[in-house]
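A.B. asks: Questions regarding the structure given below will be posed in turn.
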Amino acid sequence: MRRRILVDTSALFALVDSRDPHHALARETALQYRNAEHILLDLVWMETITLVKRALGPQMAIETGKKLLEGPPFMFYPVKGDDFWESWMIFQRFSDKEWSFVDCAILHMAQRLGVPEVFSFDRHFDQMSGLGIRRIPLRLR
């Protein structure tokens with residue numbers, strides 16, 4: 001079975017923006033996981049293209065959005081119905097954390113899909129290690 005990883009906005013943005021401090025490590029990690037299925041939540045897609053538009057302009061946001069929607073290695077997953085409500089429950093349960101709703105949705109989908117890894121530079125995911133998810137890459141430069 002093909003390896004699967006969830007993808008976070010911080011990793012996608014680092015791949016797109018060569019000025020991002022994690023750009024080189026993001027490229028290295030993407031190459032290491034090139035044969036994996038990259039699970040892309042609709043919320044992450046929305047967050048990513050919005051961030052790219054603000055930082056790099058509308059044309060780059062459109063190009064990024066199209067590339068992410070084209071398919072392999074990305075598999076697009078909408079967060080709706082029970083997934084939305086479970087994510088909301090996690091958000092409320094861990095209100096003492098600085099986790100965004102998107103972080104909570106990634107955690108829920110990781111648990112539901114049995115995907116223990118998230119490609120991210122967001123250290124909030126390090127706090128989730130006891131909940132069945134771990135951040136890759138493990139080390140930050």
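The backbone N, Cα and C atoms fix where each Cβ goes, and this holds for glycine too.
These came from TrEMBL, pasted as-is:
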| type | residues | note |
| --- | --- | --- |
| DOMAIN | 5-129 | domain 'PIN' |
| BINDING | Asp8, Asp103 | Mg(2+) binding site |
A.B. asks: Across the domain 'PIN' (5-129), what is the average pLDDT of the model, as a whole number?
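C.D. replies: Averaged over the domain 'PIN' (5-129), the predicted model reaches a pLDDT of 96.
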A.B. asks: What is the total of other Cβ atoms whose distance to the Cβ of Asp8 (Mg(2+) binding site) is within 10 Å?
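C.D. replies: Its Cβ has 25 other Cβ atoms within 10 Å.
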